[in-house]
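> This is the structure I want to talk about, given as structure tokens.
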Amino acid sequence: MAKTEALPKLREDFRMQNKSVFILGASGETGRVLLKEILEQNLFSKITLIGRRKLTFDEEAYKNVNQEVVDFEKLDDYASAFQGHDVGFCCLGTTRKKAGAEGFVRVDRDYVLKSAELAKAGGCKHFNLLSSKGADKSSNFLYLQVKGEVEARVEELQFERYSVFRPGVLLCDRQESRPSEWLARKFFGSLPESWAHGYSVPVATVVRAMLNNAVNPSGKKKELLDNNAIHDLGKADDSLKP
Ligand SMILES: NC(=O)c1ccc[n+]([C@@H]2O[C@H](COP(=O)([O-])OP(=O)(O)OC[C@H]3O[C@@H](n4cnc5c(N)ncnc54)[C@H](OP(=O)(O)O)[C@@H]3O)[C@@H](O)[C@H]2O)c1
């Protein structure tokens, strides 16, 4: 795990390697904070967003961000979008309420898995998957079952390094209205920090954990970071305010 004092050096060493990165889901709550932080830390020499629509950014800092607009139903036709990235972050996802059960499985399993396959074929060495607390391929709950299944199927692709993040409820000011998540956030926000710690985590902490992990070389082929590990690794410095 990256120690606070080692982070500046780890980041500097990482920058020197001129790596390229792609982000899936950069328009979402986690993805957009991730993109912002990647730009602020200046970690990669090339940044590509892969998504179903082109995003517009006003800030100068985003001017060199590449965008690949793809049709996720025909991802094989867009294999070139996935070529030549050293590191990939997948923050894709929908909800059953929004997309229906079938739509949820299509996005959270099929789109994620196909993207991972194309990324692997395109040379990606380190794949980072944002999954969920409780992910379990034998769960009776569709959400947890799908998260567990996609984790396992991506593992079969044998990336050189595969990091899975399993946060609890994501704490953020969500732009889209999701009443059940809003309630959960209120609930966890009202609990003593030590209790809330096990079940929820600010998006900014997740993003810090993902990047602090990525810059830290690991001999492990697979890393599984649960909610507590995300808190520990994500609080390692204070460059991002929650
Ligand atoms: N919310 C939580 O409390 C929580 C807790 C644990 C784990 N997670 C998991 O963490 C991940 C990220 O969550 P988040 O809340 O940051 O996500 P989010 O804000 O809902 O963003 C989801 C991203 O996925 C894209 N997406 C959704 N449906 C799509 C479709 N049909 N085709 C193509 N792209 C699609 C969205 O693109 P558009 O902008 O184009 O729609 C967006 O970029 C998800 O996998 C989620 O299950 C969430």
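Easy rule for this one: first residue shown is 1, then count along the chain.
Every residue, even glycine, has its Cβ placed from backbone N, Cα and C.
Pulled the feature table from TrEMBL, pasting it below:
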- 20-121: domain 'Semialdehyde dehydrogenase NAD-binding' (DOMAIN)
> Express the predicted model's confidence over the domain 'Semialdehyde dehydrogenase NAD-binding' (20-121) as a mean pLDDT, rounded to an integer.
97
> Please work out the helix, strand and coil residue numbers for the domain 'Semialdehyde dehydrogenase NAD-binding' (20-121) from the DSSP assignment.
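Across the domain 'Semialdehyde dehydrogenase NAD-binding' (20-121), DSSP assigns the residues as follows: 53 helix, 19 strand, 30 coil.
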